[in-house]
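If you look up TrEMBL, you'll see 42-63, 83-102, 167-200, 220-246, 529-547, 568-587, 599-618, 630-653 marked as transmembrane segment. Summarising the annotation, TrEMBL assigns domain 'MIR' to 275-331, 344-400, 405-462.
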Amino acid sequence: KLGFDQRDFSLAITVTFFFYFCSSWDETHFGKMGSYYINRTFFFDVHPPLGKMLIGLAGYLSGYDGTFPFQKPGDKYEHHNYIGMRGFCAFLGSWLIPFAYLTVLELSRSQPAALLTAALITCDTGCLTLSQYILLDPILMFFIMAAMLSMVKYNSCADRPFSACWWFWLSLTGVSLAGALGVKFVGLFIVLHVGLNTISDLWQLLGDLNLTMVTLGKHLTARILCLIVLPLILYTTLFAVHFIILNRSGPGDGFFSSAFQSRLLGNNLHNASIPEHLAYGSVITVKNLQMASGYLHSHWHLYPEGVGARQQQVTAYQHKDYNNLWIVKKHDANTDPLDPSFPVEFVRHGDIIRLEHKETSRNLHSHQHEAPMTRKHYQVTGYGINGTGDSNDFWRIEVMNRKSENRIKVLRSQIRLIHLATGCVLGSSGKTLPKWGWEQLEVTCTPYLKETPNSVWNVEDHINPKCDLPCLRPYPFFVATFLQGNSGLKPKENEVTSKPWHWPINYQGLRFSGVNETDFRVYLLGNPVIWWLNLVSIGLYLLLGSISTVSIQRGIQLTAEVKGLCQVLLRGGGQVLLGWMLHYFPFFMMGRVLYYHHYFPAMLFSSMLTGILWDTVLRCCACCLSSFPLANWVHVFGISLLILGIAYSFYLFHPLSYGMVGPMAQDPQSPMAGLKWLETWEF
């Protein structure tokens, strides 16, 4: 009756199979990390651990064994039980709707405003798409909205301070803040939002002359405990659990210090038997103490023309590799220190040494040519033939943390290498080299002698057959910061990045899967009707908010009902407008690569603003038309019309989330023909 034939039915079954049984987009990233937690394999990621831990926990509890490789989008899950991880993300994503509903209900005291907000989020194809995959975004938005709801709830309990209800919502706000920040660092924006609300709240209390200083002190202490101390305890506990779970060697070892690696089961430093003190003739690796900086590395490739001297490249490489090996030699002797007839001679603080690259037999070298990426730093190269070079190969070794002994301890001694000819210090700038440098990290010689982590190194691997082999004990547990690395993110090849001004206008979406007519295609794009309505609402709110403020300030006579609506618009709408601004404008100042999905937390706030605004506008219209017989129905008809229009727009664009097959949108035969309203949409 609906015009489907057998081929259509078969195609629908195939599409459904593909959607449910194939990995997509960033699932290859976060699904893999969930597997790492299940297998207890250590890895490095720029985001805090909570979201990935929860994904791993969901997979573990639902029977997933952590063996799916998550290599590329489109790989079939086959027998692997991935449903628990997707279901968990979808479950948290579904909570955005009641959270938004309750938040708007609390701010506006209007059920129609709350219903309109809920409809906006329910019918947004972008939120739906993000929530049905194994991603951090639904988890992050869950905690952001939970924090927002808890904040407005404890604000509403202001007339009952220190009651059980007040303490509950204040504590839940702190827990939610820790959750948001524990998933992604952009959770800091909701922390800032709650912080500004708390400052305003305390300022109002300070102006209440009925409160004693003791009571004010209690208010301040309660907020410090619940909104600062509690989130910090929970946040640090997340990292403690993270490090306890991931106790096996994995792909993230090289990003962390040698001392930390010695705790990981399976790492070559765990309970390693290596010579304790550095000696001449030893084959070593040298690791930079800057987080995620890597090992001193060289290879046969030369610096290109126009980039300093055309000599062998020296870089910092974040993974273990044969090209990380160097031989420690005296600067003024060519004898073999491993000759059994010579006694062992240890390297000491203040010694002048040469470091010869084991694979290429070229010496670590510097000169006054400018470094490739960092201005006013000197270039570091590999120079010489079979270990024979010149005086620019000489380095003085200094121990930064020595006490009484002058010998260099493997793993424990923090050393600096001072170039003898120029006086500069060997360091890693942390900047990523272009493709000619294999996108490894730049190594420079800095003339600035101030001690910083990027100019301090330690000896990690140490091979010397003439030295004794004591068993090294693991170092005391410590937590290293994950804050670095985010600013250095670069897009992968063929990856679609975007700019913040693209986001509110829905300028360009993001392909989740499929590129051809024969592929099953899911495209991340917000419902354009909803997003453009939100954008118009922000502009209209600024206009009406300004008019309301001026009217109240000038003492213009308003009816009690209109004045009450103005207060709702300014206070409730102002609260969510602040949330939108805090979750959107900071991205303009970020130097890292940005993606379309970064806007979705801000989109939730703009949807709440839209619900409050249009409910208020329609109520004001009903008040102004109160003399007409059907005036009371203006508000009802207006809200109903908006909800029906939003629902119909979802009907039109829902294939973006649930999947498209067949011709592309520009083809008249495509089911999406006529819906490609912007040329930049690629569905």
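Any Cβ shown, glycine's included, is placed from N, Cα and C.
Those TrEMBL annotations? Automatic predictions, nothing curated.
The list of residues near the transmembrane segment (220-246) in space but at least 6 beyond its ends in sequence, with Cβ under 8 angstroms from a Cβ of it, reads 36-37, 40-43, 48-50, 53, 162, 167, 170-171, 173-175, 177-179, 181-182, 191, 194-195, 198, 201-202, 477, 479, 482. Here the domain 'MIR' (405-462) has, by DSSP, the following mix of helix, strand and coil residues: 6 helix, 27 strand, 25 coil. Residues of the same chain lying 6 or more positions beyond the ends of the transmembrane segment (42-63) and with a Cβ under 8 Å from any Cβ of it are 30-31, 33-36, 81-85, 87-89, 134, 136, 139-140, 179, 181-185, 235, 238-239, 241-242, 245-253, 255-256, 264, 292, 482, 485-486, 489. Among 83-102, 529-547, 568-587, 599-618, 630-653, 568-587 has the largest number of CB pairs under 8 A with the transmembrane segment (167-200). Below 8 angstroms of C-beta separation, residues 112, 115-116, 119-120, 122-125, 525, 527-530, 533, 614-615, 618-619, 621-622, 675 of the same chain, each at least six residues beyond the ends of the transmembrane segment (630-653), sit close to that stretch.
Packing against the transmembrane segment (568-587) from elsewhere in the chain are residues 103-104, 107-110, 144, 148, 152, 186, 189-190, 192-193, 196-197, 500, 503-504, 538, 541, 544-545, 548-549, 594, 598-599, 601-602, 605-606, 608-609, 612-613, 616: each is 6 or more residues past its ends and has a CB under 8 Å from a CB in it. Note on the domain 'MIR' (344-400): mean pLDDT across this stretch is 93.
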